[in-house]
Amino acid sequence: MIIRSPEPEVKIVVDRDPVKTSFEEWARPGHFSRTLAKGPDTTTWIWNLHADAHDFDSHTGDLEEISRKVFSAHFGQLSIIFLWLSGMYFHGARFSNYEAWLSDPTHIGPSAQVVWPIVGQEILNGDVGGGFRGIQITSGFFQLWRASGITSELQLYCTAIGALIFAALMLFAGWFHYHKAAPKLAWFQDVESMLNHHLAGLLGLGSLSWAGHQIHVSLPINQFLDAGVDPKEIPLPHEFILNRDLLAQLYPSFAEGATPFFTLNWSKYAEFLTFRGGLDPVTGGLWLTDIAHHHLAIAILFLIAGHMYRTNWGIGHGLKDILEAHKGPFTGQGHKGLYEILTTSWHAQLSLNLAMLGSTTIVVAHHMYSMPPYPYLATDYGTQLSLFTHHMWIGGFLIVGAAAHAAIFMVRDYDPTTRYNDLLDRVLRHRDAIISHLNWVCIFLGFHSFGLYIHNDTMSALGRPQDMFSDTAIQLQPIFAQWVQNIHATAPGVTAPGATTSTSLTWGGGELVAVGGKVALLPIPLGTADFLVHHIHAFTIHVTVLILLKGVLFARSSRLIPDKANLGFRFPCDGPGRGGTCQVSAWDHVFLGLFWMYNAISVVIFHFSWKMQSDVWGTISDQGVVTHITGGNFAQSSITINGWLRDFLWAQASQVIQSYGSSLSAYGLFFLGAHFVWAFSLMFLFSGRGYWQELIESIVWAHNKLKVAPATQPRALSIIQGRAVGVTHYLLGGIATTWAFFLARIIAVG
């Protein structure tokens, strides 16, 4: 038996009025830093102001104060999110054709933006069907609103106003919990209470209330909509909630109320809590009854999880105990000390959260098309492409952010004197083996994946198709992926006897779901072309990981610069007189990692866009013949680099290049402008600081000559500022170019 000292009671403690509210203070730029508050001597001041405004570590070393600032900033972030949501719902209420779309989602496109004719730009208002002219949107909000049971623009107005009220509340909370009642450090470090509340409250009750909404409001309203009832005739949401008989007409077991629940006769609820799998043939989305069932199940799991951790009652898990018990025969001290790291370094905590959230976001991207959750989402190809691309980019950025904050943790918060032989220490001690092996893997993947393409290009150029790697010559079939597909396709009735359909049509099985003559989803065949591009994915991901991981593992020291920790997170070089030590800071690794993240995500979204247009998306005739958008050309065209350039980039860019004079012309302008932003970045990435300083001195001389010299001395951007401006424009330009290219193409042909 383990004898424990009695747990200290958790007391909720706050400091009253710790920081006075002062508008004069806030109005003084740089008030958070003694140096910056003095005002500008040189133009570097404005850059430092932006760099340090949110770097709370640089304002104070007091962990409690830092925690309060972060906590308060989170409320500000939530306020912005509510404001943005309110704007989306307001546009749906004020400027959209939502009610028309609801009545005929297969023939009318979603639009929630009408351009005002100020300088003749009303050409952008294209005909989206049903006599409505506006910009076609691809955010998926209409499909989400339908799934929620929203049937009128008035309901959207009310929701928009509600979100505004919440935005104001969040702003108030951010002020209140910093200036009026600020929590003490112990409150931020009480992880068991935090886990219980977040798991049971946010995730558990959140999922439960959503399940309740779906059962009582969404399901009945969608039943009526699917049956073709005019949205204006459908009872209002509160009528379903207050009047059980209304629901009982649609789902007879509702008449029995909660009796089946308490008598454990749960199968009575199988009418509206189903386990069907597959897609609803009417809407092309997952069965809403499956989704309600899922949220109910998730709610139960999280409500249980939210009661697992030990607080005032002396029962349950203690996180510290779990972590310290977590060691194997080969892992030394295991996770000992991790509890202290994660409760005193918010960078370490944030790093883990970003890595997990980034990975989850990428998983979401892949599920949005393979298991489309909302009605009429699968046949809205523009929205499908946008949702995939959006979630892939966001996931990529979050994962790079994870590496950034892991490196900041290593530099600012890691204390090597107290860490010995735990897992982190062991990883750091054999970092050379890790990085050199990873480097070897990158070289192998790079040469072999690219080599397969170069082989194909060469054979194609020499007119020897029989010697190419392709489905019709030398086959390189992705046998493991096909095996995984097959397992899932055959699971219903075999390994998953209760399921009627496999989790996704993409696995195989031959069935196809089409809505209004358009393909929603069908089994996705994988072949040699996918095998080739998959290895490019493996290559780009491994290089990104190599750069980011090297930055983290060598953030404090390296053979080249043993005292790197003293130089901080970002520094240009190890001082004058030590050549060859530039661009080694942890910040520089994040900078380089961003470019490879961009490479990796670009290949993924290009692969997705072409594969779906070639093998999935298209129309179906009355005889059941499917005609794909690009006629299945992916398998034969994408096996050469030339094919990617000719049949994907060039062929599909025709819509954006020829968009002038049409409602898609804004995409043509964006395509051009974003290319320009991208090219502008190269000016910052390819030229050095001295070049600009020389030029500036010359310009300052001219100003002095004319007696118009400014009081603030102009300075060239520092090396790091220049690289930051460069990578920002590189990514912004690249992403906006891709966005214009994708949307002009898919709106024109989809």
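Yeah, the Cβs are placed from backbone N, Cα and C, and that goes for glycine too.
Note that the structure is predicted; figures quoted are calculated from it, not measured.
Residues or ranges marked as [4Fe-4S] cluster binding site in Swiss-Prot (evidence: sequence analysis): Cys573, Cys582. With a 10 A radius on its CB, Cys582 ([4Fe-4S] cluster binding site) counts 13 other CB atoms from all the protein chains.
The chlorophyll a' binding site annotation in Swiss-Prot covers His675. Just so you know, the Cβ of His675 (chlorophyll a' binding site) picks up 15 other Cβ atoms within 10 Å once every protein chain is counted.
DSSP assigns Trp692 (phylloquinone binding site) to a helix. Residues or ranges marked as phylloquinone binding site by Swiss-Prot on the basis of sequence analysis: Trp692.
Sequence-distant neighbours of the transmembrane segment (70-93) (same chain, 6+ residues past either end, Cβ-Cβ under 8 Å): 54, 56, 112-113, 139, 141-142, 145, 153-154, 156-157, 159-161, 163-164, 166-168, 170-171, 173-175, 177-178, 183, 188, 346. The feature transmembrane segment is assigned by Swiss-Prot to 70-93 (among others).
Residues or ranges marked as transmembrane segment by Swiss-Prot: 156-179 (among others).
Positions annotated as transmembrane segment by Swiss-Prot, on the basis of sequence analysis: 195-219 (among others). Residues 147-149, 237, 240-241, 247, 250-251, 272-273, 288-289, 291-292, 295-296, 298-299, 302-303, 305-309, 311, 319 of the same chain lie 6 or more positions beyond the ends of the transmembrane segment (195-219) yet place their CB under 8 Å from a CB of it.
Here Swiss-Prot flags 291-309 (among others) as transmembrane segment.
Taken from Swiss-Prot, the feature transmembrane segment covers 346-369 (among others), and the record attributes it to sequence analysis. Outside the transmembrane segment (346-369) by six or more residues, the chain places 66-67, 70, 377-378, 384, 387-388, 390-392, 394-399, 401-403, 405-406, 408-409, 412-413, 521, 608, 612 with a CB less than 8 A from a CB of the stretch.
Look at Swiss-Prot and you will find 385-411 (among others) tagged as transmembrane segment.
Per Swiss-Prot, transmembrane segment is recorded for 433-455 (among others).
Summarising the annotation, Swiss-Prot assigns transmembrane segment to 531-549 (among others). Using a Cβ-Cβ cut-off under 8 Å and counting only residues 6 or more beyond its ends in the same chain, the transmembrane segment (531-549) has close neighbours at 399-400, 403, 434-435, 438-439, 441-442, 445-446, 448-450, 452-453, 456, 469, 476-478, 481, 589-590, 592-593, 596-597, 599-600, 603-604, 607, 638-639.
The feature transmembrane segment is assigned by Swiss-Prot to 589-610 (among others), with sequence analysis given as support.
Tertiary neighbourhood of the transmembrane segment (664-686): same-chain residues 121, 123-124, 126, 135, 655-658, 717, 722-723, 725-730, 732-737, 739-741, 743-744, 747-748, selected by CB-CB distance under 8 Å and a gap of 6+ residues from either end. Sequence annotations record features per position, and here Swiss-Prot assigns transmembrane segment to 664-686 (among others).
The transmembrane segment feature in Swiss-Prot is assigned to 724-744 (among others); the stated evidence is sequence analysis.
In sequence order, Ala716, Leu717 are the residues near Trp692 (phylloquinone binding site), counting only same-chain partners six or more apart with C-beta under 8 A.
The transmembrane segment (385-411) makes no contact with the transmembrane segment (156-179), as judged by fewer than three Cβ pairs under 8 Å among residues 6 or more apart in sequence. Neighbour list (Cys573 ([4Fe-4S] cluster binding site), Cβ cut-off 8 Å, at least 6 residues apart, same chain): Thr581, Cys582, Gln583, Val584, Ile719. Annotation note: His675 (chlorophyll a' binding site) sits in a helical segment as assigned by DSSP.
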